[in-house]
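What follows is one structure encoded as structure tokens, with my remarks underneath.
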């Protein structure tokens, strides 16, 4: 068991040292593309995907609607999604720690510290995204009446960089949690194997003793030894069955958590669609009214120009 956790710690420390090396320049990734290579199925991974999907949906809206939403709505929605993601990460980490069982306290504390550091980096990346949108909103408000194309380009560039960093740290956390979970499952299996190894010699001793008693004693002693042997073997099988049932229960709990997250994802998607429909119903009358006012203004200007052109020759005469 200790050898397993020593190997686990070496793996995590090697990952930390690898992070200190500066990575090679990454190719540019457009915000509209999907997460490359992201195959997450855990609740926290799906929550993180919903965070970025919502941000990409906001960027597909028109300029006027987007600037109106950035006043309060988008920042609040991103905050809720960010909190949901970090909550799922924390819940998944605590669940793995419960499955870990009794191990060396120093080793468990070191591994837990590494996971908390990776979790903190992911939270910092998401806060940077939210802060960049808040800064963009302030700059847009300060430049009312001027072109905001430069600000939008700067925002897109910053979000691309933040997205790369967010993806890198999310993959790092995903790998660490996978190693952590593998260690927990392997530790449980090793515990079952250790029990079988300890009881195996006892079973063999029981068989040998039963054979010896059978040759030296009566048939009654032989039957009692055989009964003891059967009882001991039944106990070993029962302990093995309990261990397998425990592993199966753990898998069922993970499936239940995954189903709940999928249900939440469906609800959020329906809420987003309803919200989009409300936006459309709000702004379509406004746009139509502006078009009518503009058409009336153009008509008045044309009429005024026609009047001035007819009055000018009469004044010359």
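Glycine too: its Cβ is placed from the backbone N, Cα and C atoms.
Positions annotated as signal peptide by Swiss-Prot: 1-18. According to Swiss-Prot, the repeat '1' annotation covers 80-101. The region '8 X 22 AA approximate tandem repeats' feature in Swiss-Prot is assigned to 80-255; the stated evidence is similarity to another entry. Residues or ranges marked as repeat '2' in Swiss-Prot: 102-123. As annotated by Swiss-Prot, repeat '3' applies to 124-145. The methionine sulfoxide annotation in Swiss-Prot covers 143. Annotation comment: Swiss-Prot describes 146-167 as repeat '4'. As annotated by Swiss-Prot, region 'LDL and other lipoprotein receptors binding' applies to 158-168. The annotation heparin binding site is assigned in Swiss-Prot to 162, 163, 164, 165, 229, 230, 231, 232, 233, 234, 235, 236 on the grounds of similarity to another entry. Taken from Swiss-Prot, the feature repeat '5' covers 168-189. Positions annotated as repeat '6' by Swiss-Prot: 190-211. What Swiss-Prot lists as region 'Lipid-binding and lipoprotein association' is 210-290, and the listing cites similarity to another entry. The repeat '7' annotation in Swiss-Prot covers 212-233. Here Swiss-Prot flags 234-255 as repeat '8'. Annotation comment: Swiss-Prot describes 266-317 as region 'Homooligomerization'. Under the heading region 'Specificity for association with VLDL', Swiss-Prot lists 278-290, citing similarity to another entry as support.
Around the Cβ of residue 231 (heparin binding site), the number of neighbouring Cβ atoms within 10 Å comes to 11. Taking H, G and I as helix, E and B as strand and the rest as coil, DSSP gives the region 'Lipid-binding and lipoprotein association' (210-290) the counts 79 helix, 0 strand, 2 coil. Counted within 10 Å of its Cβ, the other Cβ atoms near residue 162 (heparin binding site) come to 18, all protein chains included.
According to DSSP, the region 'LDL and other lipoprotein receptors binding' (158-168) comprises 11 helix, 0 strand, 0 coil. Binding-site extent for heparin: residues 162, 163, 164, 165, 229, 230, 231, 232, 233, 234, 235, 236, maximum pairwise Cα distance 65 Å (rounded to the nearest whole number).
Comparing the binding-site residues 164, 235 on other C-beta atoms within 10 angstroms of each C-beta gives the minimum for 235.
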